[in-house]
């Protein structure tokens, strides 16, 4: 395959154009009065959303050089979404600004390697300042405020706060579709563990990369399944019962996985396999929890229990199992209330007698999963397009809330970044001018979110920015109401983790891009664009 290469200014301008096309599409969604973007998915109804990463994911540009720039910027949104679950638009906007300012410094003669050093240093300093300004989430009102700001809806904020009240901050909250028009909260006994399917070939929904099993049997063991013969007797019984099967085992050989996938694809039976969560004694405890919750017999290797002897009545049952890449959620276990209550008392006793903070934390997590259950937010809407959009907003709000619980909250609306900008411009300096130019590329970009929020709300961004620099601590611009308020008191807050990851990821990709001096792409043959005729 032939390649085309562009150097220097030509390469940079093409990459920048791609960066701008993506960022300019995403940034119109920022803030309480941000707009939506309509995405053609190629099937079904279009998706109307203001979720930065969902928009960035759909953008494919015709020019391969511009497309590279867009894809590099998408990495910022994607990484921020993976780690913090929200803040993708802010991250994209910050990255665009840092890249522009970094390239400008290099074009004016600065050494790109030294500018890169300054960008990375400033990114870390801003991140540290955010942690210093952070305050912990203490009340249900804080949770409601974080969720409301993320989803741009007080109603959604209240539902998420209520869900966290019912299953605790460490509980599991999932988002599902409702058959009605109203969005409701339902709490079901269940648990989630941090292991997903062992192969993507088990997936039934390719768009979300998940698999859902309705009323499946559950096999629980800490043994390794080495051959298909180990579980053949129970597989035959499951096929006769005509029920799906979830296998939770310490490990599963490739040969066994291949056989299970082949039979699933052929429609012989519906099965999903996951590895057991945890390790060592903690793994045994967690598997015992799952067995008690589902009503299964835990086939432990320490007790010399043979997998070939498993009977149908040894399997557990759940109303629903949702298996993703990294997590499995069990909803509506058929374990007896007495057995679950007894197990909860055992764990509570262990917490009281434990002297290790690490052990206490692990035990509390297990207790939350057993006692709290799963809260399901059932999203209702009048149309499919509204349902998809609402579901995305709720998922973002949920992620933002979890991030706030982990690292706390800061004043929102972009005000905290402008405050940090003012502080660091006084203290963060470097004797080498090129490194300092890199530092300034980051610091000067910190005002972009506030500027864009104001512009999207119909105000003059520069005027609002000038006024923000005169404000007292924690004061900022409420773009929804068009007035200056105490952001923390009014509940206009951002999760520290979200803002911190946005700046770290933006400075990381910005630092990489400004050191790029050439771009290489494949030259597509004209024949490649002609679709091949089907063979009959």
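Just so it is clear, glycine is given a Cβ too, placed from its N, Cα and C backbone atoms.
Features reported for this protein in Swiss-Prot:
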BINDING   29, 30, 31, 32, 86, 87, 88, 89, 90, 413, 494  ATP binding site
For residue 90 (ATP binding site), just count the other CB atoms lying within 10 A of its CB, please.
29
Quick one: largest C-alpha distance among 29, 30, 31, 32, 86, 87, 88, 89, 90, 413, 494, binding ATP per the record, in angstrom?
16
Three-state secondary structure of residue 86 (ATP binding site) from DSSP?
coil
What number of additional C-beta atoms lies within 10 angstroms of the C-beta atom of residue 86 (ATP binding site)?
33
Go through 29, 88, the listed binding-site residues, and name the one with the sparsest Cβ surroundings, counting other Cβ atoms within 10 Å.
29
With an 8 Å cut-off on Cβ-Cβ distance and a minimum sequence separation of at least 6, pull the same-chain contacts of residue 31 (ATP binding site), or say none.
413, 452, 453, 454, 456, 457, 479
Indicate whether residue 29 (ATP binding site) is helix, strand or coil by DSSP.
helix
